[in-house]
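As recorded in TrEMBL, the features of this protein are as follows:
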- B:Cys64, B:Cys67, B:His68: heme c 1 binding site (BINDING)
- B:Cys158, B:Cys161, B:His162: heme c 2 binding site (BINDING)
- B:51-130: domain 'Cytochrome c' (DOMAIN)
- B:145-223: domain 'Cytochrome c' (DOMAIN)
- B:243-262: transmembrane segment (TRANSMEM)
Amino acid sequence: MTTIERSDTPHEVVDPAFAEAPKLAATPSSRFTAAAANYIDERTSISAVVKEFGRKIFPDHWSFMLGEVALYSFVVIILTGTFLTFFFQASMAPVIYSGPFVPLKGVEMSSAMDSALKISFEIRGGLLIRQIHHWAALLFIASIGMHMLRIFFTGAFRKPRELNWTIGFLLFILALAEGFTGYSLPDDLLSGNGLRIIDGMVKGIPFVGTWISYLIFGGEFPGQQIVGRLYTLHILLLPAIIVAMIALHLVFVVVHKHTQYAGPGKSNENVIGYPVLPVYAAKAGGFFFIVFGVIALIASFFQINPIWNYGPYDPSPVSAGTQPDWYIGFADGALRLIPPGLESVIWGHTYSWNILIPIVVLGLFISIVALYPLVEGWVTGDKREHHILDRPRNAPTRTAIGAAGVTFYAALWAAASSDLIATHFQLSIEAVIHTIQATAILGPIIAYFIAKRVCLALQKKDREIALHGFESGRIVRLPGGEYIEVHQQVDDYERWRLVTFNEYKPLMIRPNAKGKITQTQRLRARMSRWFFEDRIAPVTKTELERQSHDHH
Amino acid sequence: MARKPAKANRRHPLATVVLIAIGLAFTGGGYALFTSTATAQTDTASSTSQSSVDEGKKLFAANCATCHGMSLEGSTAGPALLGVGAASVDFQVGTGRMPLAMQGPQAMEKPPQFTEEQTQALADYVASLSPGPAIPTDDQLTANGNATNGGELFRINCAMCHNVAGAGGALTEGKFAPSLTGVDSKYIYEAMLTGPQNMPVFNDHNITPEDKRDIITYLKYIQNNDSTGGYDLGNLGPVAEGLFIWIFGIGAVVALTVWLTAKSN
């Protein structure tokens, strides 16, 4: 097969609708702006940057703004988090609570819990900031998840963006780490129980588990160290890495230029949309405040993590309804789904399979997520650059794999709330667990086949519409007595959207330079057959022409 | 011993007996009064109205005996009620859990089938046949104890099933620990005392009446004070928060992105 190499990135075209906007006449204030701009430019040569960056084009689509939501939530987290550091004491030194919350008066707790309560009840605005911080964290990771799903299902991770997918994936993992360390800081009963689960998982690793646990906690759990250590990670190391990775992530977005959906005038060689200055900067700036507003609104009216209800951490009580925040739910769910009692003692060492299997399965799952772009690139053998997004239906196998992954994740996620599902729907918790166990294994398979068939059916429908148009519902009787239904042809723009997509065929096994067929080649051919055996070919020009002849 | 001249005796021959009887009555009555107020009250309550016991007996025969037996001995369909006491009857019947609507993993709360007098009559009847914990008195139920102590006891003894905020939780095989929000103090006390359904018994040696009052004080405190920081989403913890952010947070944000990128007409 032949691959076409295109190293040049697409050039950017301003959306004609904007380009036609009238130029503003010079006024005294604009003359002042010009003079000020000139002053700065003569000293910094910034005009080159503004010229380059200000004319960056971003196409407009709602799904392109999900990553922005994540970015803005992160900014909100940094702002509120800074406020919280002014008052939080990351120490596990015991103190006696003497604040205004009556049911905890006189209770011994760590300074961390005491200061978190002080932020909640005594610092002016402290509770609101704490709630904004926590709600923003939930939204941050949720929007990262949505953003990743958008990238995956539209194939935006294809060359040249594979590395940026990996950076984004690392950001997702770092965000989980940030969330978990933050959840553990107040040292209340809930966070302590969360840490205890982590401690149990670490101790479940054969040979080194106990050593690692003692290393992490500075002795036997819970010790006196962990809050201080997590605090350093939470406010220093992890945010620093995240900021650096976000910067890199965005640099790549600029370097690669933004992807766009197929449409009239849009091609792999151009990007059509609005320039950063003035349109996109204004829109994005406004959108930041909208996201901030939504978070602040939620934080004003809805309580989150009422640590005063949980009380200080004490290793003996565990409350019903003890769950991690939603983004760690899938890991908690995996632990709940694994059948109990799976362990064996070999040569005096206990192997807790009920911990090791979930760790391995989750590790595999996130590895597949991280490496998927490389796998798909290798299977398709496609070395071309792709700047036009796929509609999910036009990549049936990828969409089906995504659907299977989402189903698996959703099953683990649901399992983390198995107790609440049981009480709220009046079911037995065993029945809930067994149902979700079956769903976690069979669900992805069923979802795979359903999603693939739905994609192929939608492709067939698109093909039908491109060739024959819509059924108009108007029945006409011909002079000869024959009845026909008049089909309404789609316009050229719409048809372009329907017919523009890549067609892949299964790769042929070919001998290499030495005339041998390697095992890798065979595997690749098998994978390729799996991906592309069932496919609907895009409508070709000849087919369209023949069709239009028939109908005119 | 010295019983010579009858005239010389200033006291009646039975005076000693009477004195001993009075002394015994005082010490015994005082002992009973000071040691077990609860038992004493059962006695007074049941002895005050024999008619109530008779009424209870009729009600029991008509509504309960099918499963629990004519003389509380129980059957394959229901446990024996000997020794459960008035508190247990008052809890089960007063909250509508008994009579059962149907057999299931656990008796469900529903509107009570009997009036307060009828419930009292049933309790009197059951208590009259064998001793057991009595219905707590009002002074045991006042929510003016130590909320801090109550909170600690609640987290250690109750929260693993009922959740730290008393929102309830799941048990095995379809059983569950119900929500404690809005439950009458009397029923909370009786539940601790008698351990209904799958709940363990927390008797007065395990959790003293003062501790029980403290627990009630804590529960009433967190229920009567508005939830700090806004609506509490059912006090269900991170699951409710996660659902909220996915449905309303992401929902609102996506709606706004669609609005922002909509083509102007």
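Just so it is clear, glycine is given a Cβ too, placed from its N, Cα and C backbone atoms.
As the structure is a computational prediction, the values presented were derived from the model and not from experiment.
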Rounded to the nearest Å, what's the C-alpha distance separating B:Cys67 (heme c 1 binding site) and B:Cys161 (heme c 2 binding site)? Just drop the number here, would you?
29
Taking the mean position of the Cβ atoms of B:Cys64, B:Cys67, B:His68 as the heme c 1 site, which residues outside that list, in the same chain, have a Cβ no more than 8 Å away, listed in sequence order?
B:Phe60, B:Asn63, B:Ala65, B:Thr66, B:Gly69, B:Gly74, B:Ser75, B:Ala77, B:Gly78, B:Leu81, B:Met98, B:Pro99
Quick check for the class: what is the C-alpha distance, in angstrom and rounded, between B:Cys64 (heme c 1 binding site) and B:Cys158 (heme c 2 binding site)?
30
Measure from each Cβ of the binding-site residues B:Cys67, B:His68, B:Cys161, B:His162 to the Cβ atoms of chain A, and list in sequence order the residues where some distance is under 8 Å, or 'none'.
B:Cys161, B:His162
For B:His68 (heme c 1 binding site): intrachain residues, at least 6 apart, with Cβ closer than 8 Å:
B:Phe60, B:Gly74, B:Ser75, B:Gly78, B:Pro79, B:Ala80, B:Leu81
Would you mind checking how many other C-beta atoms are within 10 angstroms of the C-beta on B:Cys161 (heme c 2 binding site)?
19
Taking only the residues in the domain 'Cytochrome c' (B:145-223), give me the average pLDDT of this model.
92
Please identify which of B:Cys158, B:His162 has the densest Cβ environment, defined as other Cβ atoms within 10 Å, among these binding-site residues.
B:Cys158
In the structure shown, which of the binding-site residues B:Cys64, B:Cys67 has the fewest Cβ neighbours within 10 Å?
B:Cys67
